[in-house]
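K.L.:
TrEMBL feature annotations, pasted as is:
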- 1-23: signal peptide (SIGNAL)
- Asn92, Arg93, His196, Ala197, Tyr198, Asp267: beta-D-galactose binding site (BINDING)
- His196: active site, proton donor (ACT_SITE)
- Glu329: active site, proton acceptor (ACT_SITE)
Amino acid sequence: MARAALLPVALLLCLAMASSADAGRKTVGVYELKNKKGDFSIKVTNWGATLMSVIVPDSNGNSADVVLGYDTVAGFVNGSSYFGALVGRVANRIAKGRFVLDGITYHLYTNDGNNTLHGGLRGFSKVIWTVKEYVPSGDSPYITFYYHSFDGEEGFPGALDVYATYQLSGSYDLRIRMNATALGKAKATPVNLANHAYWNLAGHGSGDVLGHQVRVRASRYTPVDDESMIPTGEVAGVAGTPYDLRRLTPLGSRVGLVSAGGAAGFDVNYAVEGDGFRPVAYVREPVSGRAFELWADQPGVQLYTGNWLRNEKGKAGAVYRQHGALCLETQGFPDAVNHPNFPSVIVRPGGVYKHHMLFKFSSPEQRSVL
Ligand SMILES: *[C@@H]1O[C@H](CO)[C@@H](O)[C@H](O)[C@H]1NC(C)=O
Ligand SMILES: *[C@@H]1O[C@H](CO)[C@@H](O)[C@H](O)[C@H]1NC(C)=O
Ligand SMILES: *[C@@H]1O[C@H](CO)[C@@H](O)[C@H](O)[C@H]1NC(C)=O
């Protein structure tokens, strides 16, 4: 009796050790999460807390990888498009790499003309994160990454402890939870994290996304100066403009009508309706039948249609071209540090930043009735 009871305990211990064997490591690795049915999985790497692949079935149950990327981590290290990356300390642009906080002027590395983009030269997407926890399978497999950002990193004030968790749950839900705690007692800092996945629901190498239908729950957006790509400060209505995506709209009917920084397509921040954790956008690819609804608790979402992709060599020999994917980056407003009328992205010492995203992919059964 005692022996029989001991055996399963020993077995459980072994399993627990195997699944957490990589926890605490700071070498670069690739980690997979898979649902019980085996038809929904992702791969991530602790290089930049990057989402490398997302495999989901279509309406006939056929699987495809629906995010752009590279076969190996080396590809992501070399790449310059932020495929799947977790960007920070401050995602999006900061005008002239400069802001004033509590009377002090901070200067950041400018890596986008005269502006700072996605955290500077070596933002959170270009550092090695620590794997804190890794549960690859079961009902809700997950992985948690941790990064300590030091006071002054890329010019930002104050040290920060950052966590990012990727988790599968339900039938086809992919959740990303981020948090960041401002350490020390003296310095406040801006924090604005974003996941920069490039989606193509027909499959990552299937061509352009102009046939994708998109709905964004926003009646306002933040127009930018077309040359500098910096918000003018206005929060304008979408009604009567090609930015109005309140009804499900094929991207192909709009990409020729909008442009940013001289390239055709969307690269725009929407002020999402409401607050708290709520639906933000819906994307559907009619041929495969794949769709997702995106939920998040952030004030904005940047819609980008891969306007600058030019013959980028990606996974499995695929070549990614202009409009080969779309990004929906939930986040604070761009350049919020320089626009007092935008929702604040400042975290006070001891304060905690939180960001919760949920991609609810429709199941094959749901798709057939859409
Ligand atoms: C690195 O990136 C450059 C420019 O995007 C590309 O031409 C080159 O093939 C890449 N090298 C590797 C090893 O991926
Ligand atoms: C950067 O700023 C300088 C000085 O204002 C200006 O001459 C230059 O055109 C700017 N560069 C870019 C790429 O915007
Ligand atoms: C941040 O996330 C980590 C990992 O999920 C968690 O352990 C920690 O408690 C969170 N921190 C805060 C302040 O919520």
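Each residue, glycine too, has its Cβ placed from N, Cα and C.
Computed from a predicted structure; not experimentally measured.
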K.L.:
Would you mind sorting out which of Arg93, His196, Ala197 (the binding-site residues) have a C-alpha within 10 A of the one on the residue listed as 'active site, proton acceptor'?
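P.N.:
Candidates kept after distance check: His196, Ala197.
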K.L.:
Given the recorded positions Asp267, Glu329, which one's Cβ is surrounded by the fewest other Cβ atoms within 10 Å?
P.N.:
Asp267
K.L.:
Are there any residues at least 6 positions away along the chain from Ala197 (beta-D-galactose binding site) with a Cβ closer than 8 Å to its Cβ? List them or say none.
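P.N.:
Same-chain residues close to Ala197 (beta-D-galactose binding site) (Cβ under 8 Å, separated by 6 or more) are Leu51, Val54, Val67, Phe83, Gly84, Cys327.
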K.L.:
Would you mind pulling the longest C-alpha to C-alpha span across Asn92, Arg93, His196, Ala197, Tyr198, Asp267, which the record has binding beta-D-galactose, in angstrom?
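P.N.:
Between the outermost Cα atoms of Asn92, Arg93, His196, Ala197, Tyr198, Asp267, the distance is 18 Å.
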